[in-house]
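Comments concern the structure below.
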Amino acid sequence: MVGVLQKIGKDKMFLISAGVAALSMFVSRPRLADVDWKTIISLASLLALIAVYEHIEVLSYGASLLVKLADNKRFLVQIIVCTSFFAAMFLTNDAAIIALTPILIIVAQRIKLPIILPVVLVNVAANLGSMVTPFGNPQNLYLLNRFALNFNDFIRMALPVSIASLLLLWLFTLKIPHERITNVKLPKFKLDWSKLVLALIATFVILAGIFSFLPMPVMLATAVIIVVLVDPKIFGKIDYALLLTFLMFFIAVGDVGRAPIVHNFMNMLGSTSFGTYLSGLAVSQVISNVPAVIILAPYTKYVYPLFLGVNIGGLGTLIASLANLLAYKQYYERAESPSGAYFKIFLQINILFLLILGVVGFLLVFFQ
């Protein structure tokens, strides 16, 4: 319990959101109705499920098997980048980064491969892959509940950008040298198949709850039960700070939104499809895409531009997505000799992706 509270107390995004929520109370009194409780309960259930998958190391196990197929450095990076892209669709961008970055760094150091570019590409792939499904990232989960979307809506909205993203990622991996590698030794990951089966059953129930086929209490109870069955210690590994951050931003947006000047300004931003799209891109660069979608969604009816804005907006600055900060932290904690060049290369690649996919998004909004 103490460890959980310490983690929450050190989480900068939560502390900022709590401060903003506290200040917003001077504008108006908070109301329970300001909080989207379905999103909160869905997110809590999903975070518990993700923690279970991280605990049984299913993604690390799968990635270690795939890496053994690589016979050269470029193909190895392409395998891990693709795994990050597709894994993020189902296990979120954060989980993909947490599982794959350590494996990538270990392998890269053993085969003498410069690791900054591959780590950044894994980060970018996780962000872009996560946009495809409603449970790939928190902002999509919020959009799902806010606008009563379905799975097909996300596939349809994300498909053009996803195809462009995969092509761009492939082009960037061509910068990795095509040098042969042999006998890459990896850490051994043992998969507990019985726990995996339990997790898959829980996944089915929780997804049914997210899409409103089952009541929310059933979904939340399933999340609690799967944690208890697999290992109760997992309760201490759940990202409570993210959950509380959502809660704080719901309170802040509700309070501040009742101020006429703010209400009118936000309505102006969300009154057009292009205004919504550009606001999503811009606001994400400054405060990250999760709070951006919570702030912008109540003031627009343009779902597709908002979806594109906050998802493409996860590229760019280090704080544009919480996943960017996570990858940055993973690199500096695990690399043998962390280099200050990471930030420079991160910005170069992210700004290029942001500009190119930003134009793609603009065209998609224009021709929708």
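Glycine residues also receive a Cβ, built from the backbone N, Cα and C atoms like all the rest.
Feature annotations, courtesy of TrEMBL:
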- 4-299: domain 'Citrate transporter-like' (DOMAIN)
- 12-28: transmembrane segment (TRANSMEM)
- 40-63: transmembrane segment (TRANSMEM)
- 75-108: transmembrane segment (TRANSMEM)
- 115-135: transmembrane segment (TRANSMEM)
- 155-176: transmembrane segment (TRANSMEM)
- 196-229: transmembrane segment (TRANSMEM)
- 241-262: transmembrane segment (TRANSMEM)
- 274-296: transmembrane segment (TRANSMEM)
- 302-328: transmembrane segment (TRANSMEM)
- 349-367: transmembrane segment (TRANSMEM)
> Looking only at residues six or more beyond either end of the transmembrane segment (12-28), which have a C-beta under 8 A from one in the stretch?
Replying inline: 241-242, 244-245, 248-249, 251-252, 254-256, 258-259, 288, 291, 322
> Across the domain 'Citrate transporter-like' (4-299), what does the pLDDT come to on average, as a whole number?
Replying inline: 88
